[in-house]
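Student: Sharing a structure with you now.
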Ligand SMILES: O=C(O)CCC(=O)C(=O)O
Ligand SMILES: [Fe+2]
């Protein structure tokens with residue numbers, strides 16, 4: 001399931017982040033790529049141990065965990081410290097699937113990538129191209145979102161970033177290990193949670209809410225791994 005999380009960062013936080021990133025130490029993006037995807041990758045990134053990446057990344061994770069939509073859709077167990085990338089001058093990332101297991105040596109963290117996410121840090125009008133193309137069950141989804149919005153998609157999906165032919169595309173990307181590994185089970189829980197929230201809004205006193213919330217937690221108990 002693909003889910004858009006709007007307004008993870010507000011205008012002020014975005015402006016500050018972009019100003020800081022302008023002066024950052026960008027390096028060849030192949031530093032974090034696996035053997036195969038390195039051949040398809042043409043962009044710039046901040047190193048995983050760059051103190052700036054770690055500081056800005058922590059702000060992003062904090063903001064994400066405050067978003068009920070993100071928590072409900074991802075059921076996050078561990079979040080990989082966000083990385084930052086920049087595509088310009090025709091830069092692109094050809095079709096690939098992200099590595100299943102990621103290590104983050106600076107923090108000693110290791111996780112299984114159940115979900116991948118991209119947080120767009122500048123406006124779509126500022127660059128030509130740079131769409132994230134994700135192949136899901138219903139075809140190829142083209143994603144190019146306003147600054148501050150995030151797209152969450154199964155890490156098992158083939159995806160690519162189209163060449164940026166004008167301007168520069170600035171983004172943060174990360175991986176999430178979910179409490180619920182199976183995408184279909186996680187999607188059912190997400191749909192159930194949204195229905196419960198809707199019912200709670202319309203009929204806050206309805207007795208079925210207690211029962212449905214119980215069903216949600218009993219399914220989560222069956223399907224989660226902690
Ligand atoms: O920049 C993006 O939207 C995705 C980047 C990506 O696929 C990756 O670095 O593995
Ligand atoms: Fe990727």
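A Cβ is built for glycine as well, from the same backbone N, Cα and C atoms used for every other residue.
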Student: Look at the Fe cation binding annotation in TrEMBL, where 96, 98 are given, and name the residue from 35, 159, 206 listed for that site too.
Tutor: 159
Student: Same-chain residues six or more away whose CB lies under 8 A from the CB of residue 169 (2-oxoglutarate binding site)?
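Tutor: Expected: 86, 87, 88, 120, 122, 126, 127, 129, 130, 161.
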Student: In the domain 'Fe2OG dioxygenase' (78-178), how many residues does DSSP call helix, how many strand, and how many coil?
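Tutor: Going by DSSP assignments, the domain 'Fe2OG dioxygenase' (78-178) contains 3 helix, 63 strand, 35 coil.
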Student: Using a 10 Å radius around its CB, how many other CB atoms surround residue 96 (Fe cation binding site)?
Tutor: 18
Student: Let me check the 10 A CB neighbour count of residue 159 (Fe cation binding site). How many other CB atoms are there?
Tutor: 23
Student: Cβ within 8 Å of the Fe cation site's Cβ centroid: which residues qualify beyond 96, 98, 159?
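Tutor: Surrounding the site, in chain order, are 37, 93, 95, 97, 116, 155, 157, 158, 160.
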Student: For residue 98 (Fe cation binding site), just count the other CB atoms lying within 10 A of its CB, please.
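Tutor: The answer is 17 other Cβ atoms.
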